[in-house]
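Asker: Sharing the record's features from TrEMBL:
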type     : residues : note
DOMAIN   : 21-517   : domain 'Major facilitator superfamily (MFS) profile'
TRANSMEM : 20-46    : transmembrane segment
TRANSMEM : 58-75    : transmembrane segment
TRANSMEM : 87-106   : transmembrane segment
TRANSMEM : 145-165  : transmembrane segment
TRANSMEM : 171-194  : transmembrane segment
TRANSMEM : 215-235  : transmembrane segment
TRANSMEM : 241-262  : transmembrane segment
TRANSMEM : 283-301  : transmembrane segment
TRANSMEM : 321-346  : transmembrane segment
TRANSMEM : 379-404  : transmembrane segment
TRANSMEM : 425-444  : transmembrane segment
TRANSMEM : 492-512  : transmembrane segment
Amino acid sequence: MASATRAAETTRLAGPREWFGLAVLATAALVIAIDTSVVLLALPSIAVESGADASQQLWIVDAYGFALAGLLVAFGGLADRLGRRRMAMFGAATIAIASAVAAFAPSPEVLIAARALTGVGAAALTPALYGLLTGMFRDDRQRSVALGLFMTCLMGGMIVGPLVGGMALSSFWWGSVFLIAVPVMVLVLAMLPFTADGAVDGDGEEARRNPHRRGIDPVSVPLSLLAVLPIVFGFKESARIGIQWAPVVAIALGAYFLVAFVRRQRRLADDPHREPLLDLSMFRRRGFSLVLFSLFLMTMLTGPLMMLNTQYFQLVAGADVLAAGLYTVPPAIVGVAGFVVAPLVARRIRPGFVISAGLALTVVGLLVMAQISPSTGPLPLILGFSLVSFGAAPLPTLGTNLIIGSVPLEKASSAASTSETSGQLGYALGIAVLGSIVTAVYRLQMTSSEVGTAQHGDAAESLAGAVDIAVATGDGVLRAASAAAYCSGVQASALLAAVIMAILAVVTAVRLRRIGRFGR
């Protein structure tokens, strides 16, 4: 049992050097979050000034996510094998170089390649950061607080990103939003060698000198990429074009390679010469699989809400870009508070109950969001999403701590990579599922309404199309009908998410109830 093997380790408390190291790791996480959020803000300027067509704009946004999701498992396993600090430095350097290339990209094709390379760097950096953090903070209570602060920076980056990006775009060219990452990642590179590694890299160095250590399996890395990438692509394409043969084939292909990857990892577990990239025995540890599935499900059900809210703010409530951005600030601030509070509460209450209570609060928030209509204005979405953000915070904070705390220290990055991958897959599937529900309800209500598709055929396809037509023709009836249809779609998605989250809250309370309070 991993908890038994780490019992002695948890007695060593982190000192000033470890907390300094956390500041460095959190800074890197902040940049990753900012880099993710500024692209959508800069996309209109990029499209105009670079001449990127609609397909190229899609790839400018998605290339990063594809590379990140596809390589997380591979880099997580390699970080455990080759050293977390070394992998973190590789990731930071890659992000710095790729961001500089993106800033001065002479064509959309170069920008797409640079964004993909940035995703490669983030895939190498993210699990390494979690692994380093785990090595620095062996005590459960300290590690939960450190994870809360770390994730606070991730959420903070989502808040700061649009603000910093907006200031950069107002004064400089579109490429300036990518330059934000360069000096910070250079600083992270300079500071990483001076941070405490918690004996993680030392353990790795000792293992690398061990002549009996099994070698890396070269087939597992491309297999993991072939397993994850087509599935993410299929989910994203199904959200964009619906259930057609291309996304279905992609998902089926990814599932085939996923089965092949799992089978190979099982065979390698007993291989005397090659080591599996992903230790499947982790999934048999108490709480590991449940927390992983819960993270996947919660991300699937809550991740797309920001996109749905933004469309309501701009296309139904008529807010401009700045106002729509300001509407997202209260939920983000409340989410940051949740990341800070959850580890403190888990010192007195079992983490399973804290997670379950948080999920119950998300149910309340989703029910509040389901009250929206064209006449309510943004308040139900702001209030409801604030409750969702606060209630959702304990699961990634405490859940990630449970995941990486349930495995041996030398597997921490690999365990963290599974957590991050589940989130990426959950978000992609959520966009497809919730987006499809909203679209289906919208189209059904529009085609059956008095407006009729005979007058405005494109209006029944999307809210944006209906608003464009209504503005051009001055058709207030069409605009009101499309707004009502969109709100009905959001209501259906929120209610479905609330039902599933309520079930998940009960399951986590029952299945995780035996896990003790942190630090006990």
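Cβ atoms are placed via backbone N, Cα and C, with glycine included.
Since this is a predicted model, take the numbers as computed values, not measurements.
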Asker: Taking contact to mean 3 or more CB pairs closer than 8 A (sequence separation of 6 or more), are the transmembrane segment (58-75) and the transmembrane segment (215-235) in contact?
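Answerer: Counting Cβ pairs under 8 Å, at least 3, so yes.
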Asker: Assess whether the transmembrane segment (215-235) lies in contact with the transmembrane segment (425-444), where contact requires at least three Cβ pairs under 8 Å among residues 6 or more apart in sequence.
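Answerer: Between the transmembrane segment (215-235) and the transmembrane segment (425-444), contact is present.
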Asker: Taking contact to mean three or more C-beta pairs under 8 angstroms, with sequence separation of 6 or more, is the transmembrane segment (171-194) in contact with the transmembrane segment (425-444)?
Answerer: no
Asker: Do at least three CB pairs under 8 A connect the transmembrane segment (283-301) and the transmembrane segment (425-444), leaving out pairs fewer than 6 apart in sequence?
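Answerer: Between the transmembrane segment (425-444) and the transmembrane segment (283-301), contact is present.
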Asker: Across the domain 'Major facilitator superfamily (MFS) profile' (21-517), what does the pLDDT come to on average, as a whole number?
Answerer: 83
